[in-house]
Amino acid sequence: MPTTFHEIPRKRPTTPLLDRANTPDGLRRLGEAELETLADELRLELLYTVGQTGGHFGAGLGVIELTIALHYVFDTPDDRLVWDVGHQAYPHKILTGRRERMETLRQKDGIAAFPRRSESEYDTFGVGHSSTSISAALGMAIAARLQNSDRKAIAVIGDGALTAGMAFEALNHAPEVDANMLVILNDNDMSISRNVGGLSNYLAKILSSRTYASMREGSKKVLSRLPGAWEIARRTEEYAKGMLVPGTLFEELGWNYIGPIDGHDLPTLIATLRNMRDLKGPQFLHIVTKKGKGFAPAEVDPIGYHAITKLEPLDAPAAAPKKAGGPKYSGVFGEWLCDMAAADPRLVGITPAMKEGSDLVAFSERFPLRYFDVAIAEQHAVTLAAGMACEGAKPVVAIYSTFLQRGYDQLVHDVAVQNLDVLFAIDRAGLVGEDGPTHAGSFDLSFLRCIPGMVIMTPSDENELRKMLTTGHLYNGPAAVRYPRGTGPNATIEKDLEPIEIGKGVVRRQGSKVALLVFGVQMAEALKVAETLDATVVDMRFVKPMDEALVREIANSHDLLVTIEENAIMGGAGGAVSEFLARENILKSVLHLGLPDVYVEHAKPAQMLAECGLDEVGIEAAVRERLELLNR
């Protein structure tokens, strides 16, 4: 069984077996008796690597044995291995030729936090969002059949990801086309897994064997000729298996269910996977693992060790006092939610599995009957809110920008068309740093702005966020407040619950010739640039309805308008300004600054903003360049 480690090594560990198994070909040259030692070395290497870079932690520790078994049994990359979400894929990266590059994990120009097709042939499908693996692997299995190939398709999905409807859509479809594929349920929640042990492991070996499969198919042919006999036999088999395994649901959908088995028992994993590799049709293997396995602190606190920051060197010089910063925007939201809930009993809070990330912990404890975590089910979260709003509740949907994309139809069809009172608190808007393009909130202004009746707000600091949340809550109709990851500029927060006037911007600095129209948190950078250029700075506040009277006034008194937003330029807030000017036949030079028409790769947030020209240096340079053109 796995060795348990108690601290993260600060020096690279000695790993003689892992040194020979940097690729799956090297791994397959090892003897089975060596694999458990390899698992200890790989776990130690993962502890060291993530300690150096920071990153997702607990999930990878929990699939060390599974990763080894999959690459040992299957002919990757010819056999297609698809990881769901990708939090658990660091051991996979180490074993597929990227060990020496793990020092660059999640850094600019380094390897990504998630599997990427452009990074390795072993990364067969790019992931980041949850619950896509079964659909992708099914598509690969169907393509293999059309190409007369016998390559395998394997999806590894966690029990949390199975809460999403998309996963069940794929589970329902695969038996309809009799796909030759394997789904592995990595169950690390322990909620449906009490039957793990020697008997269950033994049963899994029997049920996954060729002998059992042949006997089952032969019996089916014979008994199918006898009226009622096959149905009796099928029910008897289900009853016998059901006493030991929780797989009836998957069997009813048409999958050959095996398990649950201990996901840290390498010999059993390898034997079971070898048996299942040769079976035809849709196969489902249920394994039970422990998130953070092999690192004692993570086993005790798997949520706290979901991801970690990098270790500071032991000999690091004393750090300078940190510059005072404001609270996290998510923290401001969480405090407001509790305050408003105390003032308004109609308020309910909804989140799709982001209680900690969106800062709903305090709300869930103070108002447990008004708190709803719907798990990874964004579509359901939005329509649930719509149903509540129909009955007089005031739902607040706390959701990351990137995940709101999954509930877009529900936002339009179920909320906006009916003009329901639902407030969307959109966290992680804009660039998010090391998690890269799959998690960036680059598009919400673009896809929200076109929805009739939607009020869209972009706070420039913590106090503005609190006021806008109140404004959205009191508005009779759908509203959205989008705010970034990280901390604010430490603005003074007014504790009252007073709204601001909808559709009204504010001039923060009066200048001449150049006007910077800011939608969001680039206000601090804009004010610094304005001091150098003597520019006017406008806090636009509202993307929709936009303060058209203020835009007209500014356009008539300045030579150049510069819109600034941390959203895609295409379809974004700046576009609303240009559309208004064109509609009013106001001819004015407008410069749009925002996210370019590319996926911005992972890096530190400051590096990403600089790359996009949204830091102080980039904004000033772009404005000066445009002024030079105007002055020619």
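Every residue, even glycine, has its Cβ placed from backbone N, Cα and C.
Of all the Cβ atoms in the protein chains shown, 23 others lie within 10 Å of the Cβ of ASN188 (thiamine diphosphate binding site). According to Swiss-Prot, the feature thiamine diphosphate binding site maps to HIS87, GLY128, HIS129, SER130, GLY160, ALA161, ASN188, PHE295, GLU378.
Look at ASN188 (thiamine diphosphate binding site): DSSP puts it in coil. The Mg(2+) binding site annotation in Swiss-Prot covers ASP159, ASN188 and is backed by sequence analysis.
When Cβ-Cβ distances below 8 Å are used as the criterion, the region 'Disordered' (1-25) is approached by residues 34, 36-45, 47-48, 50-51, 64-65, 71-72, 76-77, 94-97, 99, 122, 264-265, 293-297, 299, 311, 313-314 of the same chain, each at least six residues removed from its ends. Annotation source Swiss-Prot lists region 'Disordered' at 1-25.
With HIS87, GLY128, HIS129, SER130, GLY160, ALA161, ASN188, PHE295, GLU378 listed as the residues that bind thiamine diphosphate, the site has a largest C-alpha separation of 32 Å. Look at the Cβ of each of the binding-site residues HIS87, HIS129 and count the other Cβ atoms within 10 Å; the largest number goes with HIS87.
A C-beta separation below 8 Å, combined with a sequence spacing of at least six in one chain, links GLU378 (thiamine diphosphate binding site) to PRO352, ILE399, PHE403, LEU404, ARG406, GLY407. Distance from the CA of ASP159 (Mg(2+) binding site) to the CA of ASN188 (thiamine diphosphate binding site) is 7 Å.
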